[in-house]
Structure formats: structure tokens, C-alpha cells
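J.: Among the features that TrEMBL reports, domain 'Tetrahydrofolate dehydrogenase/cyclohydrolase catalytic' is placed at 5-119. Residues annotated as domain 'Tetrahydrofolate dehydrogenase/cyclohydrolase NAD(P)-binding' in TrEMBL: 138-289. Here TrEMBL flags Gly164, Arg165, Ser166, Val234 as NADP(+) binding site.
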Amino acid sequence: MTEIIDGNEVAQEIRDGLGDAIATLEDAGVTPALATVLMSDDPASETYVSMKQDDCEEVGIEALDIEISPDADAQELYDTIDELNGDEAVNGVLVQMPVPDHVDDRAVLRNIDPAKDVDGFHPENVGRLVAGNARFKPCTPHGIQKLLDAAGVDPEGKDAVVVGRSEIVGKPMANLLLQKDEGGNATVTVCHSRTDDMAAKTRDADIVIAAAGVPELIDGEMLTEGTTVIDVGVNRVETDTEKGYELVGDVDFESAKAKASAITPVPGGVGPMTRAMLLYNTVKATAQQHGVDVDLP
Ligand SMILES: Nc1nc(=O)c2c([nH]1)NC[C@@H]1CN(c3ccc(C(=O)N[C@@H](CCC(=O)O)C(=O)O)cc3)C=[N+]21
């Protein structure tokens, strides 16, 4: 039987597990606060940001919701980031990506105080991750490590194939799996749009992590019996339904499920974990900023 890894359930465990740390911070007189900055009117981005705010409320993190018109000057975003960096009551700062074309996203990430960079995208934090001394593990790859752990899959000694080389998932995922640390110690292959004969690589894998942003790129034909399959794709495909869209992963679920020993669904797999690990990083950031020792889940 193929195990369907329930991301909503594991995310709930993480949120519950943050309760002790948040209580410890409250005892020290601190309420963690996360600021989300949205400079977009993309409906998907709006959905994610509002879900993040609901999550914060559930666990007792204060959520600051800042919206900047997508037509505004880039300077307005930089000024907002400066203000949040300087505000002691704000512990985490997240600028929802993508930002409009006239805004340099690398410059945005450089401007966030690395101590408040709960996405883990600032070059200093990327450098620390690669150097094996992460401050904030990026939320999606960290969430995937938690999902693998929950499914009883230890990457140590396994062949892991990451499909996709983005800065926010593929690269940090490959780095975490490579780390000489818990949840790491895998032999890692990274595939991308220029990879020759990708199916040969994925067929050889014990773990396949699909993060290419291409709907149903990975199907059962590309997998061997017994593979663990993690689907990072959150592709919105238009439909005639009431919502107007359907969420489709980077994995063709039915054919992949027929081969996999364990697989994550979309929705309800990686997405909720990304949000849970954002809460985790916000609590961690708060504890670090105030020199409070906390136990994290
Ligand atoms: N600075 C920044 N940090 C991010 O972490 C970030 C970002 N920008 N930009 C966009 C991507 C995407 N992302 C998702 C988060 C949650 C779900 C999620 O919870 N999805 C639900 C369903 C959502 C729905 O129904 O539309 C699920 O898969 O079950 C999906 C995608 C975070 N990202």
C-alpha cells in the first residue's frame, strides 16, 4: 500500500509543537510578530498571505499585514523593509515573491535584516546554509525534511533526485539533503530544464522531489517501485469549477502513486508545511533576538 503523506496533519503537529516555545516567550514578556509584505495583486499570492495570517493567529503569533500597490515605486518597498528592520516589535519579515518586474528581487532580499529573514533567502543566510551552519532553513525544504521524517524515510545513504534548481526550493533542498546532519546524508542529484534523460535519473532514485513548477512533469513511467515522491508543485490550472481553478502538482498523482511507497498529495502536502515552518522560523527568530532558550518541534 502506498502511504499518502498528510501534510495538513504534520503541519498541525508542528503548530501544536510550537505552543511550548511560544509560552516560554510569553513568560519572558515577548509575543512573536511576523510582518508579511505583499506587493502584488496576484490572487495566488493574496491567498498564501492570508493563509499565513490565519496560521499566525492560530498559534499566537502577531501578524502584521502590509500591502503595497504593485504600481508603487520600488523605493516604497525598501522604505517599508527599513522600517520593519528597525521595529523591535517585529521579529520576522517576509516579502511575498514574486515582486513586480520593476523591483529587483535580489535587492529586496539583501535589504531584509538577516536576523529577521524568516524565509532564509538573504545571501548571508543562504551562505550559512551552504556552509552547514544554517540560521533559518528555508520553509519549503525544511518542511519536506519534516514530511520525510514523519513518513519514516531517512535520507541517509539514499539516492535523492531534486527536480528543479530554484533559489527557494531546488537549491536549498539539495543542500539540506547533502548536509552532514539529521535529515541529510543523502546522495543528491539535481535535475533541471537542461538535464539530458531525466527519467534515467528519477528511475534510479529512492526519493524524488519535484519542484520544477511544471504541471505533472513526473509520472509513474519515470519512477521505480518503492520510491518516495514529494510534490512541491502548486500550479493553478483554470477550470469551470466554482473556485475557477484547480491546484495541480508537478507529479501526475495517480500514475506516480501506483509506483511510490509514499507520496504527498497536492493540495494538502508540501504547501501546509511551508506555512508551518514559517511559523517555526518566526518563533526561532524571536527567541534568538531576545536571547530566550526555547524547545522547537
Ligand atoms: N517570500 C516568499 N516566501 C514563500 O514561502 C513563498 C513566496 N514568497 N511566494 C510563493 C511561494 C508559494 N508558497 C506556498 C505556500 C503555501 C501553500 C499552501 O498552503 N498550499 C495549500 C493550498 C493553497 C490553495 O488552496 O490555493 C496546499 O498545498 O494544500 C502553497 C504555496 C509560498 N511561497
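Glycine residues also receive a Cβ, built from the backbone N, Cα and C atoms like all the rest.
The shown structure was predicted, so the numbers you read here are calculated from the model rather than taken from an experiment.
Show me how these features fit into the structure around them.
T.: Summarising the environment of Arg165 (NADP(+) binding site), the number of other Cβ atoms within 10 Å of its Cβ, over all protein chains shown, is 18.
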J.: I need the most crowded of these binding-site residues: Gly164, Ser166, Val234. Count other C-beta atoms within 10 angstroms of each C-beta and give me the top one.
T.: Gly164
J.: Does DSSP put Val234 (NADP(+) binding site) in a helix, in a strand, or in coil?
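T.: Looking at the DSSP assignment, Val234 (NADP(+) binding site) belongs to neither helix nor strand, so coil.
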J.: On the three-state reduction of DSSP, what should I expect for Arg165 (NADP(+) binding site)?
T.: coil
